[in-house]
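Read through the structure below, which is laid out as structure tokens, and then see the notes.
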Amino acid sequence: MSRPSSVSPRQPAPGGGGGGGPSPCGPGGGGRAKGLKDIRIDEEVKIAVNIALERFRYGDQREMEFPSSLTSTERAFIHRLSQSLGLVSKSKGKGANRYLTVKKKDGSETAHAMMTCNLTHNTKHAVRSLIQRFPVTNKERTELLPKTERGNVFAVEAENREMSKTSGRLNNGIPQIPVKRGESEFDSFRQSLPVFEKQEEIVKIIKENKVVLIVGETGSGKTTQIPQFLLDDCFKNGIPCRIFCTQPRRLAAIAVAERVAAERRERIGQTIGYQIRLESRVSPKTLLTFCTNGVLLRTLMAGDSTLSTVTHVIVDEVHERDRFSDFLLTKLRDLLQKHPTLKLILSSAALDVNLFIRYFGSCPVIYIQGRPFEVKEMFLEDILRTTGYTNKEMLKYKKEKQQEEKQQTTLTEWYSAQENSFKPESQRQRTVLNVTDEYDLLDDGGDAVFSQLTEKDVNCLEPWLIKEMDACLSDIWLHKDIDAFAQVFHLILTENVSVDYRHSETSATALMVAAGRGFASQVEQLISMGANVHSKASNGWMALDWAKHFGQTEIVDLLESYSATLEFGNLDESSLVQTNGSDLSAEDRELLKAYHHSFDDEKVDLDLIMHLLYNICHSCDAGAVLIFLPGYDEIVGLRDRILFDDKRFADSTHRYQVFMLHSNMQTSDQKKVLKNPPAGVRKIILSTNIAETSITVNDVVFVIDSGKVKEKSFDALNFVTMLKMVWISKASAIQRKGRAGRCRPGICFRLFSRLRFQNMLEFQTPELLRMPLQELCLHTKLLAPVNCPIADFLMKAPEPPPALIVRNAVQMLKTIDAMDTWEDLTELGYHLADLPVEPHLGKMVLCAVVLKCLDPILTIACTLAYRDPFVLPTQASQKRAAMLCRKRFTAGAFSDHMALLRAFQAWQKARSDGWERAFCEKNFLSQATMEIIIGMRTQLLGQLRASGFVRARGGGDIRDVNTNSENWAVVKAALVAGMYPNLVHVDRENLVLTGPKEKKVRFHPASVLSQPQYKKIPPANGQAAAIKALPTDWLIYDEMTRAHRIANIRCCSAVTPVTILVFCGPARLASNALQEPSSFRVDGIPNDSSDSEMEDKTTANLAALKLDEWLHFTLEPEAASLLLQLRQKWHSLFLRRMRAPSKPWSQVDEATIRAIIAVLSTEEQSAGLQQPSGIGQRPRPMSSEELPLASSWRSNNSRKSSADTEFSDECTTAERVLMKSPSPALHPPQKYKDRGILHPKRGTEDRSDQSSLKSTDSSSYPSPCASPSPPSSGKGSKSPSPRPNMPVRYFIMKSSNLRNLEISQQKGIWSTTPSNERKLNRAFWESSIVYLVFSVQGSGHFQGFSRMSSEIGREKSQDWGSAGLGGVFKVEWIRKESLPFQFAHHLLNPWNDNKKVQISRDGQELEPLVGEQLLQLWERLPLGEKNTTD
């Protein structure tokens, strides 16, 4: 066969492709092979290689070999494709014998930096004390060794099935003969339904067959009537029956049950009932139960006998193909053999009939026609033509069309121009500063950057600016003048030029030019500044296409890894119109081109919808309008426009009723939707695809279909789940159209072209093929026969998922201890199957219950389960502002998880104050996402209560499981336990992040850890700088996306090595996990053996602790032994809690948790990580913690009052990071060392985590957030002592126990409740002396008094036995003797309603004269009791 041997670059199609051959299919392949430079090889070779590699990826082999007959070009193609698929390829041999092998990554090819863990003295002490009091018992030890043989499966199975029966199951009832139906007002309506004519035929066919398919158009009445036909027939013939009818959604199950009960004139809960998770209305009389697919599945998990008393199962809406319905059918097909009397009815609106006929073996199909009313359809081009819709961008496009052709010509010249062959249009003046250092975000009070309205539109730019920008871009391109970037950045910042500025003669942006020239660090800087990676030049090329065309492979990787994570579906319309638009009329084609040019297909055009809605409301007859939108975000956005923002509607809201339909919505709203509106009022319904089939609104005449749906998809090889917006299927589009013709002829407006409609998929991809399967594998274990492997059971599904994906999921469940080696569920596994979140998040939540920090973890887990609440603005300057908001929420904690938590808490506060809309806009948050997270939290907490993890009162109640919620180190431990194995290690020497299988991992630009510098212009070596700034060597992350050689992580948190050592790896460690120094030296250091003699000597005295294939720690023997024992204590405690969630805690349990908390807190502190305040607050009307963020930037010289400082975001996050840590960090962030920011210590009385910060221009920063002290005047100055001319203040301090007072007297410290901190701090700064008088509750005495000698810090003490205390402050004890209350009987406090001084609550202030008299009483104590402390 002929082979073109040249490797000439071909011009990729507009919109970017390259690649030639088909891109590898399958979940992992998607568009990922697009990075292949267009290597010219035969099409059939490409296809063959693609298929071979795809089989290899999903198969069992570790390695495959390609024949030596390949040419070098073909080998190049294979190398490149392998790389893009995450495989390792190598060529060996010479000349004609040169052959190529491809291997899967197993982690062995990554060399790792040594993993160490140095414990502080306090940590060792805490663990030693625990182990001395409660040594690890033999029982605990043996229970934590790997199992060597399988247990008695049947016994365990029975016991655990019993245990996990708590909730969400259908009751066992017995079949009975139904009662006679009552007559109702709906009878005539029922008889008018199309399904009614077929009543006898349907009943007869169901009697004669085990399985029946019923396909009826939407609104034909099949959902409500078929179950009633069965009931009526059984009543007539005196036959007992019991029917389950499943719905894909909770809302539908309730709505249909209520409607059917009403049609039979019964109350719900009699013959007709419903059951959804955590809510049911059923009684012993109930014969027809509507439930969700999930509830029926959970019922079947209790054993096959649960269906022995059921006569009919109806699975409705089968076409939705959600994973539960596919999964249910798999199980039901098995059960039909076991229960000969059981009948299965599948009903659906649009069904892939042949698939199901094949699946159930030639079962009969009944077709029911819909209603006859005609529905006119209008596609996008018709809408644009008839309504004359245009927007600013469309007008601009029409104007610029001629210019575009000119630009394309200039671009072509640019591409062919060799370097320096052009004279630059103008010699630029070199006026460039070293911009990067100049612009620190802190110089101008932060927000100011973004307040200068957003970037100027190119039309508003002055001619000199346009000329200057053009000259810079031309120089960069034509002369590879990398220095010109400094000027570009300078103009973007100082002149507000958009980062997406287009060269006026070629339309190229800075990002395209940098990508084409291969300037990697500038590409990174531009992306960090918010440059749009999807922006296209006049020839349709994006930056990615520039990089491909000019062979810049590193940049191709970079851009692909970035856009792979942007959650973009594949929605681009304009390329479709260009390639296939030949059968459109010229006018339509132009209209569509102009429209697509003006609007981003990754969104929903709410402007166009408002335009249409206005037209309908003003020119059409009455009738409800149903608008299909992809998700809750768009629903809320459109609702706000109609009710508040659009004058055309907002001024006459009495003429409209707006309803929202979404599966997470309250059921009450849904009932209102079904009612007819008053005369003269138009109903407008905003809905997701739930209104496609599940809920029928009769009076809809107009449908507006956005044509999009949000779909969760999962890349099984990368373990990444994304919520993507995708085009709906043809079947869905037809369904949606059918919603309009229910009561009279209607119109369906489709916001997509005819061409798009023709290119849509026929049916939606089954969820089973695009969802993470861990959750499903857990359920499979409970459904499948005892000895049936999970993969075998799932292979029986109507469309089974690939075996490799199932295997990966099972492997992951074993890794997180949900399953053992034999695929049997562990105690943890049974509980995880019960929780409505993915298993790793379930584990995180259960660990939080045991660590008693549930609340923050509930919020974080639900956010991770749903989606990131931060929205990505389109404008670059806004992207930077959004990033800063995210940063501000992290409060310097090196944690994206913190940003999620605090954003949610701040939103709740704003919500309780009634300004959540403005709050969300200001902070780039999605109101809709927050509302859904609240719903998920409630459901998850409900499930924990149902399973006994959270009790109603007493030990284990909601307060108890939140004892440690304020301690961020403990919260992070629960995160680590849930996120394992998603860990990354910092290689300090090479400044890279490494993972178990990745040599090089990068921060995703959306992570707050990616830019610790807070520069407006990110530094050129951004990643290295970010890694350098990390305070610890370990990170956890939520997801990693790979594109070629680059792995990106997002949603990360920095954690201490001790957290990894205790909470990562399997609970059951092999007995040789700990290797003492002698044996360790013989084996050499795993993966780390070094050539240098010196290193061997230093490591020879160290022990090794091996947690899994990758986590091999090298540490001193004592530390290794202590940590191993602490691990064992934790894991055996966790196991006990899983076995008996509601059992009271023992002394050992409490001591173990206390020790763990002490260790985590000490190590966190020694790493220099901040302990932010307020993270443990429960969702409730919130405290001053979240004052409106507007006050975040204060004038530098105003002295902060304590009222201002409570909000810990008062100062910029950067300052927080710059604050000195309480004790030296393990790796002091290099950047601060270099810049000499760490100043000498302040006065001895002062807490050490303040430093007076001087900025480069010597204007001082606001004081660090952690302390409300005024900024100190000069470097190293003493902390100002309280002023002598100020008043003296007196406060009563109540203590719950005497031990705390003893500690206070020994150590000279005290802590009070957060509510008292504010007033004490204020008193400390506003008075000369603050006296504290102590009294132990119930003792009848005052136990002495002290003077407050420092303000209250953020640091907490682990010494106090009481929960809920705030930061530590210093006190000087003056008297320590007890003064009986009777000595003070005569003293009344006018500041407390003249009550006696001893009747004071904690923190009660005394009127100064009374305070002074009280202290003088100590002088009168009898001599024997005096014991002054001088």
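Any Cβ shown, glycine's included, is placed from N, Cα and C.
Swiss-Prot names Lys1294, Ser1295, Ser1296, Trp1360 as RNA ligands; from the candidate set Trp1310, Trp1373, the record adds Trp1310 to that same site. In summary, of the candidate residues Ser1166, Ser1202, Ser1400, the record from Swiss-Prot lists phosphoserine for Ser1202, whereas the others have no such entry there.
Here Swiss-Prot gives motif 'DEAH box' for one range in the set 40-43, 316-319, 756-759, 772-775: that range is 316-319. Residues within less than 8 Å, Cβ to Cβ, of Thr223 (ATP binding site) and separated from it by at least 6 positions along the same chain comprise Gln247, Val256, Asp316, Glu317, Ser347.
Across the structure, Gly219 (ATP binding site) and Trp1360 (RNA binding site) place their CA atoms 65 angstrom apart. Sequence-distant neighbours of Lys222 (ATP binding site) (same chain, six or more apart, CB under 8 Å from its CB) are Val195, Ile214, Gly216, Asp316, Ser347, Ile368, listed in sequence order. Each of the binding-site residues Trp1310, Trp1360 was assessed for Cβ neighbours inside 10 Å, and the highest tally belongs to Trp1310. Helix, strand and coil content of the domain 'R3H' (38-106), in residues and according to DSSP, is 32 helix, 16 strand, 21 coil. Note: the Cα of Ser1295 (RNA binding site) and the Cα of Gly221 (ATP binding site) are spaced 68 Å from each other. Those residues noted as binding RNA (Lys1294, Ser1295, Ser1296, Trp1310, Trp1360) have their most widely separated CA atoms at a distance of 14 Å. Each of the binding-site residues Gly216, Gly219, Gly221 was scored by the number of other CB atoms within 10 A of its CB, and the lowest score belongs to Gly221. With a 10 A radius on its CB, Ser1296 (RNA binding site) counts 16 other CB atoms from all the protein chains. The secondary structure of Lys222 (ATP binding site), as reduced to three states from DSSP, is helical. Here Thr218 (ATP binding site) is compared against the binding-site residues Lys1294, Trp1310, Trp1360, and the shortest C-alpha distance is to Trp1360. In the three-state DSSP assignment, the secondary structure recorded for Trp1310 (RNA binding site) is strand. Mapped onto three states, the DSSP output places Gly216 (ATP binding site) in strand. Note: Lys1294 (RNA binding site) has non-local neighbours Ser1335, Val1336, Gln1337, Ser1400, Arg1401, Asp1402, Gly1403, i.e. same-chain residues 6+ apart with C-beta under 8 A of its own C-beta.
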